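This report concerns only the one structure given below.
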Amino acid sequence: MSLMVISMACVGFFLLQGAWTHEGGQDKPLLSAWPSAVVPRGGHVTLLCRSRLGFTIFSLYKEDGVPVPELYNKIFWKSILMGPVTPAHAGTYRCRGSHPRSPIEWSAPSNPLVIVVTGLFGKPSLSAQPGPTVRTGENVTLSCSSRSSFDMYHLSREGRAHEPRLPAVPSVNGTFQADFPLGPATHGGTYTCFGSLHDSPYEWSDPSDPLLVSVTGNSSSSSSSPTEPSSKTGIRRHLHILIGTSVAIILFIILFFFLLHCCCSNKKNAAVMDQEPAGDRTVNREDSDDQDPQEVTYAQLDHCVFTQTKITSPSQRPKTPPTDTTMYMELPNAKPRSLSPAHKHHSQALRGSSRETTALSQNRVASSHVPAAGI
C-alpha cells in the first residue's frame, strides 16, 4: 500500500508541475496588456499583473531600453495604466508580487511582456500575390515594401496577437521588401504591416493601409485567416499537453491494477500457508501408521524355574497325595495400543502358540511326578 501511495503522489506532483509550468510557474505572476501590446504613439495601455498565490501588491520594472522615471519602483494593485506612451515606453517589462503582511519579500519575476510603440516612421505598402481575392486552396503571398531602409517587417492580422516578422531585402526597383507566404488560402482576413530598425526593434513605423484578403467559395471569408504557423503551433502545444496527461492517467490506472493484483496474490498465498501445517500433520500420522505394517507385539516370558522332584519308590512316598506343582509366567505390563486388523490377527496367533507352549510345559511337569513303576 505504501508503494501505491508513493506512486499516486509522484503522478500528482508531475501533473501539477506541468499545469503550473503551462500557466507561468509556481510563484511567478502573469503580466499582460490590454487592449494590445502594440500601442500607437500617444496612446494608452493597461498592464495587468495577476497571481494564483494571492499576491495583492505588485511592482513593475523595465528590463531594457530607456528607463521610464514614472515607473521606477512603481507599486500598484493588480493593474496600472501607462500613457500617453512615447518611444521611451517601448521595451520589455516584468512584474513581481508580494503580500501586504510582508512587503519586503517579493516573488519571482513574471513572464516578459514586450510593449511596442508605433507611428515613429512612415508607413510601408502591403500587397497580395496573385491578388486580394483568391480561390479556396490557392497559395497567397503578402508583400510588404517601402523606400525607407527598414531592417525588419512585421505582419499583423486583425484580431490576432501574433505578428510574424521577416528581414527586409533590397529589391530591383529600389525598395526594401519582405514576402510573407501564407500557404493555401482557406479563410480571409484584414492585414497590415510595419517596418522597424535593428537599433530600436520595439519602435515601429505607422501601419500600412489595411489589406482585405477574400477567399471565394467559402461562406466565412472574413471570419478567420489563411493557414498560419501560429495556429498550428498552438494546436500542437495543446495536443501534446492532452497526450501527456492521457498517458499519465493510463499509466496510473495500470499501476493501480498491478498493485491490487499483487496484494490479492499475497493474501491468497498467506491463506494457503496457514492451511498447510494441519494437513501435513494429518498426513504424517497416517503415514506413521502405514509405514509400520510389520510391527508385532511380543510376549516376553521370564525364565521358568522348574522344581526338581526326587523320584522315590512307592514305599517311601507319603500316604497323602502329592501336591501338584504349578508353573506361572509373568508377562510385563504393556500399554494397550490400537492395532490394525493384520496386527490383531498376528497377535492372536502368537497368544495361541504361547498357550499351547504353556500347556505342553505343564504336561511335561505333571508327567515328571508320575511314579515310576518297578523302580
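Any Cβ shown, glycine's included, is placed from N, Cα and C.
Swiss-Prot lists 1-21 with the feature signal peptide.
Residues annotated as disulfide bond in Swiss-Prot, with similarity to another entry given as evidence: CYS49-CYS95 (among others). All chains included, 25 other C-beta atoms sit within 10 angstroms of the C-beta of CYS49 (disulfide bond).
Under DSSP, residues within the domain 'Ig-like C2-type 2' (137-200) fall into helix, strand and coil as 0 helix, 36 strand, 28 coil. Residues annotated as domain 'Ig-like C2-type 2' in Swiss-Prot: 137-200.
Positions annotated as N-linked glycosylation site by Swiss-Prot: ASN139 (among others). In sequence order, PRO181, LEU182, GLY183, PRO184, ALA185 are the residues near ASN139 (N-linked glycosylation site), counting only same-chain partners six or more apart with C-beta under 8 A.
Per Swiss-Prot, the feature disulfide bond maps to CYS144-CYS193 (among others). For CYS144 (disulfide bond), the Cβ neighbour count at a 10 Å cut-off comes to 26, with all displayed protein chains included.
Annotation for ASN173 (N-linked glycosylation site): no spatial neighbours, criterion Cβ-Cβ under 8 Å with sequence separation of six or more. According to Swiss-Prot, the feature N-linked glycosylation site maps to ASN173 (among others), an assignment based on sequence analysis.
Under the heading region 'Disordered', Swiss-Prot lists 213-233 (among others).
Positions annotated as N-linked glycosylation site by Swiss-Prot: ASN218 (among others).
What Swiss-Prot lists as compositional bias 'Low complexity' is 219-231.
Summarising the annotation, Swiss-Prot assigns transmembrane segment to 239-259.
Taken from Swiss-Prot, the feature topological domain 'Cytoplasmic' covers 260-375, and the record attributes it to sequence analysis.
What Swiss-Prot records for 334-375 (among others) is region 'Disordered'.
The annotation compositional bias 'Polar residues' is assigned in Swiss-Prot to 355-366.
Ranked by how many other Cβ atoms sit within 10 Å of their Cβ, the disulfide-bonded residues CYS95, CYS193 place CYS95 at the bottom. Between CYS49 (disulfide bond) and CYS193 (disulfide bond), the C-alpha separation comes to 29 Å.
Looking just at the topological domain 'Cytoplasmic' (260-375), the mean pLDDT is 52.
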